[in-house]
Structures are given as structure tokens and as C-alpha cells.
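The feature domain 'DhaK' is assigned by TrEMBL to 11-341. Annotation source TrEMBL lists substrate binding site at GLY62, SER63, GLY64, HIS65, LYS113, ASP118. What TrEMBL lists as active site, tele-hemiaminal-histidine intermediate is HIS226. If you look up TrEMBL, you'll see 381-583 marked as domain 'DhaL'.
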Amino acid sequence: MAFQGKKLINNPDDVVTEFIEGLVETYPGLQYLDGFPQIKVVLRADVERGAYDKVAVISGGGSGHEPAHAGFVGPGMLTAAVSGDVFASPPVDSILAAIRAVTGPMGCLLIVKNYTGDRLNFGLAAEQAKSEGYKMEMVIVGDDCALPPPRGIAGRRGLAGTVLVHKVAGAAADAGLSLADVAAEAKHASEVVGTMGVALSVCTLPGQVTSDRLGPKQMELGLGIHGEPGVAVVELQPVDVVVEHVLKQILSQETQYLPITRGSNAVLLINGLGATPIMELMIAARKAVPELQLEYGIAVDRVYTGTLMTSLDMAGLSITIMKSDENILKRLDAPTKAPAWPVGSEGNRPPAKFPVPVPPSPSMKDDEILAQPQELSKQGCILEAAIEASATEIINLKDSLNEWDSKVGDGDCGTTMYRGATAILEDMKKRYPMNDAAGTINEIGATIRRVMGGTSGILYDILFKAAYASLKQSRTVTANEWADALEASVAAVSKYGGASVGYRTMLDALIPASTVMKQRLKAGEDPVTAFIASSEAASAGAESTKQMQAKAGRSSYIAPDLLASIPDPGAMAAAAWYRAAALAVKNKLHGSKS
């Protein structure tokens, strides 16, 4: 079923003009021509009509590719950008208005993506401008590498590689070169650049329904930037596999779209298509660089990663490779004030980057790392059973915790706890001194600190560090010492986290557990029975969070009615591992039937 796409817009017919108004409000160096709604042109605010003493560089096309093209207007890049409606080529009059507004005696270069409408409209505008006495040149960019040649009359589509051509041409123009020389550099850049895109979703045009042509576990290879279907629909793959496939396609010796061979130098652009988090783009970049260097023998001179040419709200990315030389690098490194150019990417990059070694901890040397003793004492066996049961219970609860957290938090509670639990099971085999309760608790904290991350990781690290500080004072660890350690842990988490009972956190499980444990032991009850009773109190406390209004954590930002009947995931996790530990101790000491 198709649904109306959700957009933060007003009238769908006004999205382009309102975008331009917001753009120029944001960047003082930009201005627009007063010709809305027919003429949608962004230009440099410092360029006076007819007085510009350098080659004007103009590009444009249909809107929906933001920040391209208007975001690349500025000294050192485009002089003006012409916008059509969403995915529609701008009309000839708009292009002519841009030419007349910024072109001086040095002439004008039009950079056009290879789509029929753009070629025709920009071409006709160029001919009209010539008839008016303007010196004109036009370079068409067709950098798509998804389809094998021949491409017929249409040719290869213009994609994100166009942005690199903008930069080369803009820097050449800014350096004072003639129109012929600027056009020659732009044409050369367009002939040594290749791009291929991959989509995880279909874009939604303003005011229209979202297409359902892509299933939840499908991806599209070789798409354009106008929402058109890709070359193939395939099953969703890990990003490393996707990057390998795309690079193979771009660098194919069969198509020979790029004059790049082993020993060449290149520039890499990882471009987001509109709805792709920068995290995912960086993951792709981290695969693409060594793949180019090690598998293809190509030296990577520059890496640009970000959202430069989009397809509205499409999830996906494109990869662009441009063969580099000394002049191209000089143009790419030249300064520009175009707001959307990734300015942090300038300068030489080393052939290889190695992580900086972690400074050694002053508290533990290699020869002091604790190791599990060969033979466990009775207490060591009980502690091992309790830890194993607790970690296993959290592993089994992963999906439920994530499901609860997706409704009241950020959806990763189960995954975070799972990371900690699996690491604990791994570390306990090789580095936990099970006969030393305090030392083991300390090492659990170290494991958690290393792998869990986030607020949960910090709070659990505090929990175990406080327990260690309490336990290490005792030569023999009895039930009362364990109860004191739990009480100290709860106090520390409450102190640093700011929560208490009723705040809808893990303390709603652990505080009742601690209270009941202390009460039962003080009354002289058998420690195992007291442990079981306190675990039941933990479970009841966790269940009670269903009726609580959150006062701490991410849930505190969520409307109370959305929390109703859903337990706090952190409290449920705490109750689960605590209960599992209690049952494991009971089984070890009294057997499962007692």
C-alpha cells in the first residue's frame, strides 16, 4: 500500500522558491534573482551584472538534488545555479536570466548533467546568449557507470561526479583562465570521472505518495537521481559487499568508462542520496579506500564524504572516482566559499593511516592481568554459575529489550546489554579470577567499560566498581558482604545517575532487591532464600515501571501516554540478570528441587 509522503513543507508547488529563500537567508554570500516563480536562480551576491572580470561558471537542473546545485555557488566554484521544479529541467528563460546576470567580458561556461531536458534547455539558452554577444561554452557531464555501453543517443547520465567538475571549473575560472582554458579543464575532468549509485529506498516527491516498488529487504543498483528505477533490484547486502560491487563496476576494463589502471591516482567521493546517515557513508568510505589501494593498486589522493547531490529523501549512496593529476588536485584544493563544498577535505592524505596506540593504563601492567585459576573453590564455582546464568539470560532477552526500548527509548537497550553479556562470557574464560570475588567483580566492570558504551555502560561500570570497592575490604565474602556491596552499588548509581525509586530506571528493580536482601538477612533468614526473595522484589519492581512516568533517561522525553503498559527496558534487564543469578546460586547450593 502506498502512503502520502510526510514532508515539512507548505504548498508542494512552492518548495523550490522557499528553499532558495531559506538558503540565501542562511548564507550572506548568496542572492537570488527577483523572478519567482518562473525564474529560480541563485547567484553570488558580490557579482555585479556585466562587470564580472572572470569566466562565469553556471550549472543547474531540476531541483530535488540539494545541496546541488545552489549550494555550490560561491567564489572558487559556481557563479550561479539555475533551478527547475523538482526533477524538471529549468526553462530556457531562467538559464538566460542567469547568464545575463553574471556574465562579463570573459564569457560563460555552462556545466550540464547529461539529461535530454537539460541538454536541450541549456543548449538553446547558450545559442540565444551567443546571438546576444556573450561568449559561451558548454560541457556535458555523463559520469554514470551503471549501464554497459553503448548507451544510444541518450548516453550516460550525469550524477554526483558533476560536483567535482564544478569545483575544477570554478577554481580554474577563479584563477583567471580564459573561457577556452576553463572549458578544457572542465571537459577533461568530465572525461576522467565515474559514478554509480545504490538505493535502499525510493524517494518521495513533495505532495505525492511513496512508491512501494522496493521491498523491505531489497536494494536497487545503478539508479539515477530522479527516482527512476535502477539497473537491478537485489537482496540487501552488507555495505562492504556493495562497495566492492560498485567499485568493480566503475573500474570495469570491459566498459572502459574510466582511463584508470593499476598505478593511477584518484579522488574518491562517497555521496549520500538524501536520507543516509553520515555514519553509513563513513563506513562505506572506510571500505572503499583500502579496496582501491590494495585490490586495484590505485593511490587515493583525496576522500570527500558527505551529502552533495541527492535524490530528495532517498536512502542510499553513490560512489564517484575521478582520475587525479597535479592540476586536478590543485583545483580541488583551491579555496572556495561555496557553502556545501566539504572544506575539511583539503590537503594531501597519507598513503596509509594507522590508529594511534592506546596509552597504557597506569593501574594494570600486562604481567598483572588476572587469569582464571586452574581449580575453582566452592565459592568460585557458585560465582561462575551465577555470572554465566545472568549473562545468558540477558542474551536471550535481547529482542524483547529492543522491542520495549523502541517504544520508550532509542531501541538499542537489548543490543547494548547483549554486547556486555557476550563479552562477559568470553572474558570470564580467560581473565576472571573466580576464586577472588572482589577481583572478578572488578574485571566485570572493566569488560563492561570496554564494550558496552552509552549511559547503560557507564552506569553498570559504576555499579560494579562500587561493588568492588565494598567487597575488597573483606577477607572472606559472606552473604552480608554481598548485601553491603549491592547497597553500595545502588547508592553509587543513584548518586551519579540522579535517579531513585519511581524514576523508571534500573534502580526500580535494584533498590527493592537491595532492601529485601538486607531485611531478610537481618531477620536471620537463610541467605539463598533471602536472595530468591530479593530477586522476586526486583522483578516486581521492574514490572511496576509500566505505571510510572519517567523522570530520568531517554523515556523522560516521551509523552506519558506512550509509556503506559510498557515496562522500562533497563529495569527489566536488571531484574532478569539478578533473578537468573539467584536461581543459579540456589541450584548450586540446594539443587533445583529444594
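Positions of Cβ are set from backbone N, Cα and C atoms, glycine also.
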_Residue with minimal Cβ packing [other Cβ atoms within 10 Å] among the recorded positions HIS65, LYS113, HIS226_ = HIS226
_Rounded distance in angstrom between the Cα atoms of ASP118 (substrate binding site) and HIS226 (active site, tele-hemiaminal-histidine intermediate)_ = 13
*Using the Cβ centroid of GLY62, SER63, GLY64, HIS65, LYS113, ASP118 as the reference point for the substrate site, which residues of the same chain not in that list have Cβ within 8 Å?*
GLY60, GLY61, ALA68, HIS69, SER83, GLY84, PHE87, ALA88, SER89, TYR115, ILE225, HIS226
*asked:* I want to check the contact list for SER63 (substrate binding site): same chain, sequence separation of six or more, C-beta distance under 8 angstroms. What comes out?
replied: VAL15, VAL16, PHE19, LYS40, SER83, GLY84, ASP85, VAL86, PHE87, ALA88
*Roughly where does the domain 'DhaK' (11-341) sit in mean pLDDT, to the nearest integer?*
94
*What span in Å does the substrate site cover, taken as the longest CA to CA distance among GLY62, SER63, GLY64, HIS65, LYS113, ASP118?*
15
*Enumerate same-chain residues with a sequence separation of six or more from GLY62 (substrate binding site) and a Cβ-Cβ distance below 8 A; give 'none' if the list is empty.*
SER83, GLY84, ASP85, VAL86, PHE87, ALA88, SER89, PRO90, GLY117, ASP118, HIS226
*Measuring CB to CB from GLY64 (substrate binding site), give everything in the same chain under 8 Å that is also at least six residues away in sequence.*
VAL86, PHE87, CYS203, LEU205, ILE225, HIS226, THR310, SER311, LEU312
_Surrounding CB atoms that lie within 10 Å of the CB of ASP118 (substrate binding site), all protein chains_ = 25
